[in-house]
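Notes follow once the structure below has been shown.
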Amino acid sequence: MFEARSINVEHKDLIHDVAYDFYGLRLATCSSDQFVKVWDQDDQGNWHQTACWKAHTGSVWKVTWAHPEFGQVLATCSFDRTAAVWEEIVGEGSVPGERGMRHWVRRTNLVDSRTSVTDIKFAPKHLGLLLATCSADSVVRVYEAPDVMNLSQWTLQHEISCKLPFSCLSWNPSLSRLHPPMLAVGSDDSNASSGGKVFIFEYSENTRRWNKPETLPNVTEAVHDLAFAPNLGRSFHLLAVATKDVRIYTLKPLQDSSSMQSGLSRFDIQLSAQCDDHLCTVWRVCWNITGTLLASSGDDGCVRLWKSNYLHNWKCVSVLKGDGTQAQNESASTALATPVGVMASATQSTARDLDFIVV
Amino acid sequence: MSSRTFFVTQEGPANALALNKDYSHVVIAGRNVFKVYSIEEDEFVESCNLRTGKNLNLNFSCNDVAWNTIDDNILATAATNGAVVVWNLNRPTRSKQEHVFIDHKRTVNKVSFHPAEAAWLISGSQDGTMKCFDLRTKEATRTFYSNTESVRDVQFSPHQHNAFAAVSENGNVQLWDLRRSDRCYHQFTAHSGPVFACDWHPEVPWIATASRDKTIKVWDLSVKPSLEYTIHTIASVGHIKWRPQRKYHIASCALVVDCSVNVWDVRRPYIPFAAFNEHKDVATGISWRGNPHTFLSTSRDSTLYHHVFQDASRPASKANPQGIGLNCRGDVAYACRVNINPSRSAKFSNLLRKGAAQPSHSEQFCQALSNMQQFTCKEPKETYWFRECARRYILTGRSLADICDHNAAVAKDLKRQHVSLIWSIVKTLYSNKVGEYNQPTPPGNISRDESVPGGGVGGVGTTGAGTGGGGESLAGTGIDGDQRSLLGAGGDTPGAPMSGDDETETDETPEQHLNGHVGHLVGGMMFPAQGDFLFGDGELDPLSIDFDRIGLNGGVFVGTNAALDMQQDWTLPSEAFPLRHEIQDRSPPPEQFPNHGSPDMNDNETQTISIEDQPTSVLCVTSMPRLMAWDPSQTMVDMLKHHAVMGDVQTSASVLLALGERRRSLVSLDEATQEHWLLGYLDTLSRHRLWEVATQVIQLAWVPSVSQLNQQSTTVHTCCARCGKPLLRAGWLCDRCHCAEGAACSVCHQVVRGLYAWCQGCAHGGHLFHMQEWWANNKQCPTGCGHICEYS
């Protein structure tokens, strides 16, 4: 079902984030080596690095694409306490026919944080050009570019402070106008006694403030990642949380009178899945574009794909092993231990290198 | 040895600290503080305050302090006034000041004792010199001229008796021999900015330098200076100290911004191995206590800290070692750390050899590399379904029964039985009861005739539940619609091959493509003569196919603002061609060009719309199905909602679109949800780059916020062709020339209604048809302006 293709990224340190663009045709990677790389896929499906630049003076934690309506725009955040917005510029190529040299320029540097900026995400497109960052000093910042044509001007619209160091955030991507802008923020504070680690913030149009209507009650372990499922037509929200296991929460907005009066939404929060198949720390969760398939990855070096069956039980449908060393160990006798580049076909000799299993 | 983190606060910040040779006492020195503390189990105890006496002059204001490496009672300070002061803790008087060397002309940055010779003291000053003092003779025995602005640090080599290193603000490192003061024996530029500190490695012939350029560099001096490692930090580095007994570890503190003391592994130069975040302001000095586990630091926040390694934070452990991404085709990109802790992966791998030596934490730390895999989804069923359904579904232009039949067949063909069933149910429930008259929007220009009666009757039946009369009278038009759609079916089949072109229109041969479209158009639309100039020749333009590449070269710009706002990543001129493309592909649906923004184009069309819009959105009210024993609407809503929840918003949105006005019977479905579904469908369509379908959905949408989507974000600026003045008020009428010449066709001199094509070079143009004809035979502009227009 899946064909593995190793991409020789040549980052000199850990890769902390991988992001597809809106169309899934470009990839951005960021690493502790302070570089960001952009990859484009050719017709054969091979990925080619088309840009590579030193983006920060510290580890680059996250990289994220803006909606293409705003251009080819990336945002990064880093251990160096800054976040940056990058735009790809197509030079006025002198050679006709060629698409012109493309390069990325830094449009802005957001320096408000006093500590490592741990996550950065663009808001859903219909909210405008908004950018949220969270940092280890327990602050969520929401920036806005009032003029979408001018990516160098960002105003800090909101600062939401909390007590715990934040590690990850996710915008609720719901397209419905019944759902006000919403952010989920997670903390990787490992002290269970400090209470819930996932906070839900909601923007109130009336008060023009971000409120914190909910804290997920049962998540007391360190949260490494969280992701709202794309909401193309649901009345409720799905939130995946990566902690010591994978959890999926449903948040149903409650339409009761008290919430109408206070303007503060309330939610019926249900834990709809808790899966510890990874048997270890889960680092990342990621939804497909319809919000029907969840991918999670953990210290076991596997990607697990989760799907909900007709009873709304989430089941693991695939396990993808993405660990190069195991492939090398296994094929130590064969000389070609490092498959890099094109995998033409999964012949027997290379099948080992295509290190995956489908359950 | 104490093993706790503790601190003491002083009255002022200290600029430096120094430990005595057995690490039991610490001296801190600053502008207003100069004290000796003894280091107890879990506290600092002040043992001597040297800042005493009546005349506290500038000699007490210290930039640096050093403790004699042999004699435990001798201290030296570098004073801000240029003096080097030697202190003797054994003096019986209150003042411990022993001697003051006033040799430097400017402030002294650094003092340092020789590790083996108790009497040798060296200083580095802002005046660019270093002086070696002999404490026995109490004089400066040698002066070394660095030929630089200022010397920031000077350190005796622990490896060579007579060697010392000096770093200066111009980025240079100099290596000197004590016996030769005329010139240094090595000099190299280490940094692009001022070097603030250096530190000899205690074991190997390395020296580390720290600079304002935010890097720490490690140089191997064994042969000739060569750069071994570069550590990238987040701020100017003020001080560095190698960690004892750890070959690759070095501690650093920043001059600004970063208040932590970081310990780096030079082999992993990007992220600190450990960080000590106790200070509230930048640290000004660090000194290890002779072991790798404890060190002291002073800070501008006026504290002196005793740090233990076990209390350090490990930034790398919080760092996310994995990245994962999913795209719209179901591919998974996954990056993870190469060396996974074996104990953990053992459960998952039977390959693991037991008893393999587990590398130490520090070893593991520096072996940080990721590999990345893309798992390509080989059979992306859902993606395939979505794309095929999006392309092949018919949403309008025929009777509901036909639409449902067709779509059910499409779904069935794709083996989506349940979706197929839904279409069949929709047909059963909704197509028979209601008169055929209320097709969502009568297609094409001929609709102008029919829509008038349709609108009239709709107005009568506003209060709902269409009277029998209304139903009958409209059945006639419904038949018309059927006939058209039959004809349209002819066009669909040749159009089918083009459904293979998802992202790469270029792959297709233009002929095939065009044939498909032409057939599509002619069969489906029955365009009256006036439709020809709109599309006929546009079809034959091969370049319209690979619009996204060649668009920039297009010399002729065909303007409509029906552009998809999703295409923002293209530059404006390139949108000319996608637009034509959209129009071609959308042939079966009604041609409504919401062209309000640029009235000089499509005048005909706008008129048509103004009429045909009314029945759909304002006047034409559905004739509700007669009260039946069972009202299916709630079931329908539930079913659609179910599909939306299951992630199949395509079905929900498509059914709504196909239902047309009948959707109003779904009373329990609020408009916000409908809008949500449409937006969701559009979002997915644009991810799959199915622009034609997206445009059709936008045009069929009844929710204003959706139907206006293609009127946003695209602006066409026009200028008067005669005087060049931008046309602001109206798209064609020039305020200066008071003429509408810009709207006239350069060939036939008639005012262009509909598509207006013009050369971007000379701004002359006209009917697309005429322009194409002209340029087929001519190169120059038809107005005779002499411009060689480029038409592609």
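These residue numbers are counts, starting from 1, taken along the chain as shown.
Glycine is treated like the rest: Cβ placed from N, Cα and C.
Here's what TrEMBL has on this protein:
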type     : residues  : note
REPEAT   : B:101-143 : repeat 'WD'
REPEAT   : B:144-186 : repeat 'WD'
REPEAT   : B:188-222 : repeat 'WD'
REGION   : B:436-510 : region 'Disordered'
COMPBIAS : B:453-473 : compositional bias 'Gly residues'
COMPBIAS : B:500-509 : compositional bias 'Acidic residues'
REGION   : B:584-610 : region 'Disordered'
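When pLDDT is averaged over the repeat 'WD' (B:144-186), the result is 89. Per-class residue totals from DSSP over the repeat 'WD' (B:144-186), listed helix then strand then coil: 0 helix, 22 strand, 21 coil. Each residue of the repeat 'WD' (B:101-143) gets a DSSP state, and the totals for helix, strand and coil are 0 helix, 24 strand, 19 coil. According to DSSP, the secondary structure content of the repeat 'WD' (B:188-222) in residues is 0 helix, 20 strand, 15 coil.
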